């Protein structure tokens, strides 16, 4: 017993030590408020758990004499979770923090530290909220989509619909950040980030499936960033660097080929940089961050400047069609040179010659060329024109619909003319898929919780502030772009109308090159970070051992660098490069990120609803409704972006889930799915307990009684084989056994027995529960199992056991008595009893019968169970090709033909296929046999009551049984010889007259007669249901016989050969 009162931090730590080690504190506190008696501790960590290998305190005793020793616990890791509690050097300078800024995931710095002895000795200063969470999230969220596609999205969808797109995506990430903050503050998030959170909350199956999807999303994100880098390089920085040139209108195809070639080279270069050492990437982290921040500042500065001095970017329109200014410089049809009217280069592009009387394009001839300001400024009122969407088909011309135009009598071909065309068909849902990657990156803070000074505070604050900041930037940019830039320029994806400039760069101040250079380095840095983080995510999954075929990717260099994972990441990233279209890659990674965020919300909602004791996040501003809303929004966005991509992503995740469930290593992480399963099981048990099962739902719920040897191994493994064949994984199966002794002395043997039984159940594919009972006597233990096995409505209704083999041994005189008691107790419990004789000769699960019969001797009406058992057996592959035969008996005066028809009709209504045989017998034989069989069954089922009979009665019945068996064995040879000639009537061994005469014979005491009842021999594959065996026919595999009623019932006998008693 110990008592404690929480006063200060020291008492809390000492309390935890005592609880953690199951110790006993000897002294009592005078002001004790809580007293715990014999309190068990938490389950011990096993290999594979995240707490495995954590050192425990050496002694559980903290007494007054040992107070001084309590000092050793100060500053140690004694919290409920392994937070970083050791002291860290204080950093007072912001410049010093910026000098140590990194955007790499947790674990990368530790790998590099092994290469540098100085970094092993001097620990890097811990980071706060601003440096450790806010800036990395800001850098990851603001990326390539902002610089390359946001203006195009605004121009295509309009300001209103673009606002809706951005608001939905930002709301999704904000709700996910709230859920993520709750999970991240419920413990430390090591390397793996979101994978760790999901797997420890929802289990290894969900964690592995979603973790691999998040890995694929991160990898494809790297491909998207690289494609963005190449697009900036070849379109806006150095168009002449293109290897493939556009010929005969193949500009788009040439651009894709350039993307593939340059992308392969860049990804190889980046992989080499990451392989050599991520410290070089780390040194450039501040440069990449500065590029992002300066680009955002330049955009806002340019917006402010347009209010009083808009930049001069003029666009040329032919009618209302936008012209590409890559191939001409003068926006006019004619120009005057030395008072002469000369045609311009634009004229020669639309006409067949430079002469004034040349044949020109009809639309060119009917419409005038005008030039308008591309960026009229924030006060121009262009926002009204850009409010509504302008979706178009692939290959259509970008038009300013407010201007008049003449189309002519015939539709003219526009291919090959210097118009600005749309490269893809646009619609709302497609734009959602393209935009969503721009709001990802919210995990940057949680992935690096070990590097933070106070992760419990920094992760929620920094992440939510970063999402709020970026959401404001995106939403404000949508409004500002629509208010400052002309609509045709916004819809011009590659800036062809503004001399090939980056559209967002035309708005920036002081120069468009600020945005071009800044976005180039920003996308390069994001690509490097993806190639750095994705392999470590794969390494974390591989080292958990939940996906066997990924085990090789858990290895790497001596310092822990994931070499093989990096190689696989580069290969997968190359697939995205070969797609070569940023607009096609973006929806793919949107699916994977949305699935990850959906399960983060699900994890938080499940943990909150289950109210598990372990769920104590320090972040309090969460609710399960917010998590459920975020999960629903993620699922909706998946199908909004692309329903077929969503289905493919779900199929991939589902396949990984089933693979981990089937082949993955068993992990016990205390996940929420297990708690959810327990709650569901409790609810189902309460529902089942409410009412009795209907006849239609009845099936044998089996309690299998096993015998164990001295090594705690199962004596009859085929009993479990037969169970799996009978149950086929359906219904309830409880495998029980009894160890004789005292539980305190048999604890180790019980664990060993459970392990052996469970391993055998796995081998025999028997799905069920194992229950080992320790009892002073085997009889009491079996009785306890029959009475108490199961829970609530999930209790057994059938007991399956093997025929006792050791009852004849002189050193075990009570074996037969235990068996008889088991029979009587199952009868008292109103349960069916299946006794399998010669169980070791039963077929294994791997055997297959090509032919054979399952014979049912239907003598008394049992409610249909004898019909059900062979039907269940035939569902298994072992017995599937066996036929079912039903035997019944009739008197000579009965109408056997009608009885057969009635029984066939009965089987037809039961929907069972079986052959029916009616055996005719004389009345005196039936009555004599009935009396004999009834006597045997009565004596067997009431063996315990024989001890209460008088001496004369006991001797008389024992002698009768002995004489009967003797006569039965002697007649067996004669019957075997006469088997070839079928008798016209069944000759029984006993008659009433002989039975009466035997009553007055020898009166000597001979209790061995009780044992002779069990000297029953059956052929292979004989199934007994609370009855002696009936020999099967030559092709029989199983014979089912019902239990007879009381003494005065008259069940008819089977046909020859007679039973061997």
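Using the three backbone atoms N, Cα and C, a Cβ is placed for every residue, glycine included.
Note that TrEMBL annotation is computational and uncurated.
The model shown is predicted, which means the values in this text are computed figures rather than measured ones.
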Pick from 2-35, 36-69, 70-103, 206-239: which range has transmembrane segment per TrEMBL?
206-239
Range annotated as transmembrane segment - as stated in TrEMBL, picked from 393-411, 545-563, 564-582, 659-677
564-582
Per TrEMBL, which of 285-304, 305-324 is transmembrane segment?
285-304
According to TrEMBL, transmembrane segment applies to one of these ranges: 491-509, 510-528, 681-699. Which one is it?
510-528
According to TrEMBL, transmembrane segment applies to one of these ranges: 356-382, 464-490, 707-733. Which one is it?
464-490
What average pLDDT is reported by the model for the domain 'Amino acid permease/ SLC12A' (133-306)?
86
Mind checking which residues reach the transmembrane segment (424-444)? Cβ under 8 Å, same chain, six or more beyond either end.
103, 133, 136-137, 139-146, 149-150, 153, 156-157, 161-162, 165-166, 168-170, 172-173, 176-177, 180, 193-194, 217, 221, 224, 389, 391-394, 463, 466-467, 470-471, 474, 583, 586-587, 589-590, 593-594, 637, 640-642, 645
Go through the chain and flag residues at least 6 beyond the ends of the transmembrane segment (588-610) whose CB is under 8 A from any CB in it; none is fine as an answer.
172-173, 175-176, 178-180, 182-183, 186, 194, 197-198, 201-202, 206, 210, 213-214, 216-218, 220-221, 224, 433, 436-437, 440, 576, 622-624, 627-628, 630-631, 634-635, 637-638, 641-642, 645-646, 648-650, 653, 672-673, 675-676, 679
Among 206-239, 510-528, 564-582, 622-646, which stretch has the most Cβ pairs under 8 Å to the transmembrane segment (259-278)?
564-582
Between the transmembrane segment (127-150) and the transmembrane segment (622-646), do 3 or more CB pairs sit under 8 angstroms, pairs being 6 or more residues apart?
no
Below 8 Å between Cβ atoms, which of the listed ranges 127-150, 464-490, 510-528 makes the most pairs with the transmembrane segment (564-582)?
127-150
With the transmembrane segment (206-239) as the reference, which stretch in 127-150, 162-185, 285-304, 464-490, 510-528 has the largest tally of C-beta pairs below 8 Å?
510-528
What residues in the same chain, six or more past the boundaries of the transmembrane segment (127-150), come closer than 8 Å to it by Cβ-Cβ distance?
97-98, 100-101, 103, 224-225, 228, 231-232, 288-289, 292-293, 295-296, 434-435, 437-442, 444-445, 448, 451-454, 457-459, 461-463, 465-467, 469-470, 473-474, 477-478, 481, 493, 502, 504, 515, 518-519, 522-523, 525-526, 529, 582-583, 586
Let's see if you can do this one: DSSP helix, strand and coil counts over the domain 'SLC12A transporter C-terminal' (717-832), in that order.
56 helix, 23 strand, 37 coil
